[in-house]
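Features as listed in TrEMBL:
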type	residues	note
TRANSMEM	B:12-34	transmembrane segment
DOMAIN	B:18-436	domain 'DUF112'
TRANSMEM	B:111-133	transmembrane segment
TRANSMEM	B:145-161	transmembrane segment
TRANSMEM	B:168-185	transmembrane segment
TRANSMEM	B:318-341	transmembrane segment
TRANSMEM	B:353-375	transmembrane segment
TRANSMEM	B:387-403	transmembrane segment
TRANSMEM	B:409-425	transmembrane segment
TRANSMEM	B:465-482	transmembrane segment
TRANSMEM	B:514-531	transmembrane segment
TRANSMEM	B:537-557	transmembrane segment
TRANSMEM	B:617-641	transmembrane segment
Amino acid sequence: MHIPAFIAQRKFSLGVTLAIAMSAVAISATVSPQAQASTEVPSQIKWTIPFGVGGGTDVWARFFAPWFSQNLPDNPTVVIDNVPGGGSINGANIFSIRASHKGDNWIGTSASTQYPAMLGDPRVRYDYADWTPILATPTGGVVYAQPRLGESADEVMASMLKSPVKLAAQSPTGVELPVLLALDLLGVDVDAVFGMRSRGEGRLAFERGEADIDFQTTSAYLSSVQPLVEAGKAIPLFSLGILDEQGDIVRDPAFPELPTFLEVYASLNDNQMPTGEAYTAYRKFFASGYTLQKLVMVPKDAPQELIDTYREAAREFVASDAFKQEAQAQLGPYEPVIGEVVQRHLDESMDLKDSTREWLVNWLKTEHGASI
Amino acid sequence: MIDVMLSSLSQLFTVSHLLFMTTGVLVGLVVGIIPGLGGIAGMSLLLPFLYGMEPSVALGMLMGLVAVIPTGDTFASVLLGIPGSSASQATVVDGFSLAKRGQAARALSSAFLSSMLGGLLGAVVLSAFIVVARPLVLSFSSSELFMLTLLGLSMVAVLSGKELFKGLAACGLGLLVGIIGMAPATGEFRLNFGLDYLYDGLPLVVVGLGIFALPEIVELLLKRGAISESPCRLGEGWARGLRDVREQKGLVARCAAIGSLVGTIPGLAGSVVDWMTYGHAVQSARDKSQFGKGDIRGVIAPESANNACACGAMVPTLLFGVPGSGTAAIFLGGLLLLGLQPGVGMIETHLDLTYTIIWSLALANVLGAALCLVLARPVASLTRVRFTILAPVILVLIMFAAYQSTRSVADLVALGAIGAMGILFKQAGWSRPAFLIGFVLAPGAENYFYQAVQFQGTAAFSRPGVIIIGALIVAILFMPMLKRTWLNRRSVASGTDEETSGSEPSGTNSLGRVDLVIITGMLLLAGVALVDTWGLSLTGGIMPWLAIGILVLSLVCEMARNLMHPVTWVKQTIAVQLLWIGGFFLLIGAILALGFVLTATLFSLLFLLLVARVKPWIATGMAMCIAGFLVGMGHILTLTYPAGVLDPLLFQ
């Protein structure tokens, strides 16, 4: 059998990279590269990912890295630097201290980087105001339940309003936070069992029958829960929806047939919309954790021209058919958001009023026995 | 199914597949041999090349890597006493002792053969199991997982033998150190004393290196000889190792089975399996006297298990997308990059790829073991080199390895602190494995207990699976005791007043200065921990309090035992050892001031010239190699070392 050309090439590049790296050992002690005019695209971009290799954000970054590299002038190498620890706080802290302001250092953040910053976690030493977004990718998610709670979504909702349900979650301030808030607004009494190491473990607890309801973000839902739904082992209840340009929560394009959380709320409450601190908190955390789930950012004082170049390149490849085709599997049916639009959403969602934060702290304590 | 298996097999022997699998195997071996770099680092090296590759070929490459890491890391465990990765911690105990007795080749060859057999058995189990595994894996709920952690903890009793209370105390301390960080149930932080570094708890690699490797290095430095005291008869050694495996084929089969089964259960880290099987080897042996001093069964058991475990870990990864080990977690990322979604689909629509994965795993195991066997003899001769010459290289390797965990200088400080404790433990004969088992299992024990109670309430402990594992634990703990009393009664009744600690004739109780230091230190730590955890909620505090309870209670029992029986006072030296640890902290200080690469280079140069007294050109050459290694690895792994003042100017 023959080796397809692109594989042969990759093999070549692997060998060569290793060889170069090995032999670079001897020479590199004396060589000190990169010293160019500030607005030129740097030859190497170091992209800090504050998570371990192979995690969601890492895979996301490795998906984007070649797209950026191929579409930027002079095709810079995009090197991914994984700095795990502290649930992404460590890496983000280090980036905020060490990153160069020449525009050759990027950071990729996720909901678990955003949430601690919003909640005022004492370990957070970074500030989103110091960074400028290049691109953001949204995601959505679906809440689903065991068929033992009822045959249809309506029946399940009715029984959920009567007796408490168990949900397997990672931590009180993890990506499930908006889901917990949404269910609380609906009047469901949720017993959250914390300590899952991933959403995948949470789903396993659901599949084992230990959890009554579960929640997965879009790509995991499509690959792992859809088969359960088809086999009659899970009943989808509602999606979180997505934020449109006007800031309204509308149906998720990935789940056009599923009502959003707001629709379910309205149908239970005489077409009223939720109000109050709970809903404010929900919106903020939903926006920063889902509408902007993952962000590519550079330090704010990087040269503006360079930032524009990056955004332009992103705009270009995001619009291409090739990207759309490949992105379907990795990102779901959501289009990445670029530049100023992200900035606007970001400013809005990260800005949490003290009163909301206090309410949230209190709510986590009383409802879930969690102290933050 | 058979035709899919066969077509995957033919896929396996295509040129491109073999080529890439060999690449994976070679990278895996290099990564496995360098201590501290395990599957996680290896995968990180290969991951960037996956994007856009043909899935079956890429999977072959990844599997080549996954399969051989638990084989290659045996070199470091046996030759240097450094746990190469978390899966080889138990191998160190007897493997390194064998090396010190001049039987490194024997230990290595039996390790590689049993690794290969374990891997092959694991692959066989996996190929039949994968299609029917779903219900079995789903039957392991949080309560069964909790019981499995207890089963792991019960190994402490097996491993500590007659020093039961010391073992339990060490385990209690391990539990206490293991729960540093966030309480899973409430999000409260415990025992982190406001230090950012401790919010995540101590990394396993740092603790493993500190407790095992540093004390060994210090001891060897004090002896100033070669690692092996008696010259290694190479020719016989390695044939004997192969014979050992043949004689122990039952043990190999049992440990491989345990390895692949425990591997399939998501959530139980692979690092427990080696201790479980080591414990099993100890328990099933008729003559236990040589364990810890160089029993070949102590090498064969964990080595046949850890390769099988790597196979087993693929089950939850492929079937549920929930990784069974750290390496599997990254493999999962690789699958996603290749556009493959793990889940039921891997069986229904991608069965051919699934079998490619399994077959690659088997083939790579054979290839890796064969390569290692070829290397075994020349590499084993390392143990005849004077240790002072190897010491700086090993020390730099260990610091490099520890620094991989979180890439913070605090890793090195923690390494020194745990190392100091390890030295005390080693000098006074307290069980270091017991500490490590407690440390490894603490988070799982707490988490699964909390989850079991939350999900299932009291019903959690009446499930059939729970009862079966519970019975197994009871059997492990009490069977040897019952057997002994029965045997005793059958001969002439001889009163055994020390119920659990074995019928050791009283009078051999010994106590020394270091024992007192350890006991006082442990009590102080327990006090500090109690003060720190005082204000916690019940769910957040129960585990630390339990650990403190175990620690204090076993110390009290140990002291009572010493008071009740005549104690011989033994002389235990420690001053010189602690001096070396002091030197290690000085080294960390120098790293902070000057930078990691420069300090490591200068340190090796000076050490080789002044302590080892080698020829200047050899010293310079070796120091250059160390600098080259650090800078090179820094490039390959995109590492930023602690920079200090001078490094940025010299190495960019």
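Just so it is clear, glycine is given a Cβ too, placed from its N, Cα and C backbone atoms.
No curator has checked TrEMBL annotations; they are predicted automatically.
Long-range contacts of the transmembrane segment (B:537-557) within the same chain: residues 165-166, 168-169, 171-173, 175-176, 179, 183, 185-186, 188, 190-191, 438, 442, 445-446, 449-450, 519, 522-523, 525-526, 529-530, each at least 6 residues beyond the stretch ends and with a Cβ under 8 Å from a Cβ of the stretch. Using a Cβ-Cβ cut-off under 8 Å and counting only residues 6 or more beyond its ends in the same chain, the transmembrane segment (B:318-341) has close neighbours at 38-40, 42-44, 46-47, 50-51, 53, 55, 58-59, 62, 66, 69, 86, 130, 133-134, 137, 263-270, 309-310, 312, 347, 350, 353-354, 357. Taking residue pairs at least 6 apart in sequence, the transmembrane segment (B:514-531) and the transmembrane segment (B:168-185) share three or more C-beta contacts under 8 angstroms. Contact between the transmembrane segment (B:111-133) and the transmembrane segment (B:12-34) is not supported: fewer than 3 Cβ pairs lie under 8 Å, counting only residues 6 or more apart in sequence.
In the predicted model, the domain 'DUF112' (B:18-436) shows an average pLDDT of 87. Against the transmembrane segment (B:514-531), the recorded stretches B:353-375, B:409-425, B:465-482 differ in Cβ pairs under 8 Å, and the greatest number is found for B:409-425.
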